[in-house]
Amino acid sequence: SSSSSSSSSSSSSRRVRTGKLAGVATAEHIVQDELYYTWGTGLVPSFLRGDAMVVVVLLLAAWIFVKLSSFIDWEEVVDALVDKQSRDLGFSFAALSLVAVISLIMAELWSLYPLAIFIVAAAGCVVSIYLHEVDRQVEFYGESYQAACDISNTVSCSSSVKKGSNSMFLGITNSSAGIVYYLVVAFCVLIKIFTDQYWPIVLAFILTAIGVVYSLYLLYFSLSVLRVLCPLCAYVHIFNFILFWIMVDFAEELRWQ
């Protein structure tokens with residue numbers, strides 16, 4: 001009986017130790033998750049959420065329109081887009097605009113955040129690949145090269161490249177950085193789906209925030225310094241803003257799960 005009591009006491013002590021270890025592990029997991037949420041989702045969304053985000057976007061859109069109107073002949077742009085030779089370009093712009101609208105609907109109305117992020121990231125990656133090809137062609141042909149997205153002298157993909165706005169840091173082209181950026185953001189969301197880890201969302205959130213800041217810088221440089229609008233670059237900037245918008249909502253939803 002003494003042996004049975006000792007074995008039962010040892011097993012109970014093991015259970016107590018196991019319970020304590022499990023409790024410590026659970027507590028550490030909770031603390032770690034709280035740190036992820038506080039650092040990754042409580043910083044920027046606290047002042048860029050809901051109506052505040054809408055106000056910021058509207059003010060930015062107004063500033064962009066004023067800047068564009070100072071050097072762009074809108075009638076020339078419209079005539080070029082309705083021209084038969086530029087009709088395919090117009091369809092491409094319409095398709096990219098549709099992608100942006102659909103992704104926002106999927107995120108805001110149906111809460112399909114991962115799918116919306118994948119769609120925007122895929123579209124941004126495709127546009128970045130095309131812009132990378134424009135970079136290569138301009139480097140090879142020089143000033144004589146005209147890209148398919150060249151509408152006028154002031155609305156042109158190749159003109160911005162020729163003026164040196166395609167590479168801002170360390171000699172890495174913006175298109176190459178964009179390809180890597182969209183792939184990494186999509187991969188982070190994929191990791192979150194299959195592993196239920198929180199750090200990929202924190203990383204994706206930080207990357208999209210950096211993407212928005214860099215897009216703002218490129219917009220200022222293009223519109224205020226170069227006075228040239230790269231139309232496909234503009235879609236990349238739009239996708240960056242949409243990715244950040246969706247990531248804010250996605251992180252906020254995960255915060256309260």
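Every residue, even glycine, has its Cβ placed from backbone N, Cα and C.
Residues annotated as transmembrane segment in TrEMBL: 47-68 (among others).
According to TrEMBL, the transmembrane segment annotation covers 89-106 (among others).
Mapped onto DSSP helix, strand and coil, the domain 'Vitamin K epoxide reductase' (110-251) counts 109 helix, 7 strand, 26 coil. Feature annotation from TrEMBL assigns domain 'Vitamin K epoxide reductase' to 110-251.
Here TrEMBL flags 112-131 (among others) as transmembrane segment. Non-local neighbours of the transmembrane segment (112-131) in the same chain are 96, 99-100, 102-104, 106, 157, 166, 174-176, 178-179, 181-183, 185-186, 189, 192-193, 204, 230, 232-233, 235-236, 239-240, 242-243, 246-247, 249-250, 253; each lies 6+ residues outside the stretch with a CB under 8 Å from one of its CB atoms.
Marked as transmembrane segment by TrEMBL: 168-193 (among others). Packing against the transmembrane segment (168-193) from elsewhere in the chain are residues 114, 117-118, 121-122, 124-125, 127-129, 131-132, 134-135, 200-201, 203-204, 207-208, 211, 217-218, 221, 233, 236, 243: each is 6 or more residues past its ends and has a CB under 8 Å from a CB in it.
As annotated by TrEMBL, transmembrane segment applies to 199-221 (among others).
Long-range contacts of the transmembrane segment (228-248) within its own chain (CB-CB distance under 8 A, at least 6 residues past either end) are made by residues 41, 44-45, 48-49, 53, 57, 68, 72, 93, 96, 100, 103-104, 107, 113, 116-117, 120-121, 123-124, 127-128, 130-131, 149, 151, 154-157, 159-161, 163, 165, 174, 178, 185, 201, 204-205, 208-209, 211-212, 214-215, 218-219, 222. What TrEMBL records for 228-248 (among others) is transmembrane segment.
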State the non-local partners of the transmembrane segment (89-106) in its own chain: residues 6+ outside its ends, Cβ under 8 Å from one of its Cβ atoms.
81-82, 112, 115-117, 119-120, 123, 127, 148-149, 151, 231, 235, 238-239, 242, 245-246
I need to check the long-range neighbours of the transmembrane segment (199-221): which residues 6 or more away from its ends have a CB within less than 8 Å of a CB in the stretch?
36, 39-41, 44, 60, 64, 117, 165, 168, 174, 181, 184-185, 187-189, 191-192, 233, 236-237, 240-241, 243-244, 247-248, 250-251, 254
